[in-house]
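J.: So TrEMBL says this about it:
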- 211-232: disulfide bond (DISULFID)
- 310-331: disulfide bond (DISULFID)
- 47-163: domain 'Ig-like' (DOMAIN)
- 165-260: domain 'Link' (DOMAIN)
- 266-355: domain 'Link' (DOMAIN)
- 1-15: signal peptide (SIGNAL)
């Protein structure tokens with residue numbers, strides 16, 4: 001053991017260290033001439049500065065968005081080297097990053113769900129901006145722009161936020177029936193995804209008040225309260241987001257908070273004089289070249305297209321709902337919102353259909 005410790009100390013004191021790995025391979029030949037002669041470059045570690053916007057970048061489902069990123073040097077360095085650029089998407093808990101794009105010189109590669117949708121914009125000098133086309137719901141979040149020049153390394157973060165709407169969801173079986181994975185699935189079935197904490201907080205600032213706890217994308221269970229009351233944490237607590245913290249994703253069961261963004265199509269209303277059953281409603285939408293709308297479609301149409309209809313209608317999950325943008329008599333509460341009649345086992349209603357453009 002003593003011999004091993006002594007050998008380790010001698011190795012550390014020798015000045016030899018393996019190349020630093022940060023997602024790229026750093027060649028010890030730094031002059032790019034390939035002649036085997038290593039050029040020594042001195043740096044102080046903070047010479048390369050990466051700049052990104054401090055304010056969030058807003059986009060919407062199906063749009064194209066540019067995440068600006070530029071870099072400069074506090075002092076110019078000698079010689080030309082190939083700049084390495086790496087974009088990654090951060091998790092809410094910062095424990096792991098998702099690779100988005102890597103570029104060395106003029107060669108770049110996108111990864112995973114970003115293949116075919118992400119590329120660099122380098123129209124200006126020392127620009128490393130990321131362009132994402134056909135923005136999707138899961139693209140919402142924080143992105144790291146990292147620039148590597150030899151042994152110089154700088155990075156900064158861009159916050160991409162999708163304009164959207166958060167809505168609570170309970171399945172037909174009733175309250176608190178979903179584990180985390182089931183909550184993920186039911187949101188996807190409704191044309192949405194599980195909301196993040198930032199999305200729930202934004203919805204709370206816009207007026208969302210809901211006393212049932214629901215899963216969020218990070219595996220925590222929370223709910224937003226605007227008007228404190230006894231059944232919702234008590235009168236003594238201030239308004240805010242109530243949190244149960246992380247819960248077991250398999251064992252614990254709650255509702256879900258789903259997030260949907262702007263639509264790529266339109267929601268429209270169909271009816272018959274005597275109404276329709278759920279199966280007849282689905283067929284009517286198909287006959288119109290559309291599909292029966294999902295809950296996420298209805299919330300998005302209400303939020304972004306001002307859909308206002310005081311007629312209870314079928315949706316794809318078997319629920320009956322209607323959207324009110326301008327509250328009025330005989331159309332429910334005095335606040336705008338999507339009203340629900342639950343999941344009736346029988347009855348005849350109109351239907352909301354959805355058709356992509």
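In case you wondered, yes, glycine gets a Cβ from its N, Cα and C as well.
Fair warning: this is a prediction, and the values are worked out from it, not measured in the lab.
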J.: Would you mind reading off the Cα separation of residue 310 (disulfide bond) from residue 211 (disulfide bond), to the nearest angstrom?
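T.: Answer for this pair: 25 Å between alpha carbons.
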J.: So, by DSSP, how many helix, strand and coil residues make up the domain 'Link' (165-260)?
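T.: The breakdown for the domain 'Link' (165-260) reads 22 helix, 30 strand, 44 coil.
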J.: Can you tell me how far the Cα of residue 211 (disulfide bond) sits from the Cα of residue 331 (disulfide bond), in Å?
T.: 22
J.: For residue 331 (disulfide bond), just count the other CB atoms lying within 10 A of its CB, please.
T.: 15
J.: Sequence gap of 6 or more, C-beta under 8 Å: which same-chain residues meet both conditions with respect to residue 232 (disulfide bond)?
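T.: Expected: 211, 223, 225, 242.
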J.: I'd like the per-state residue tally for the domain 'Ig-like' (47-163) from DSSP, helix first, then strand, then coil.
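T.: So the domain 'Ig-like' (47-163) is made up of 6 helix, 62 strand, 49 coil.
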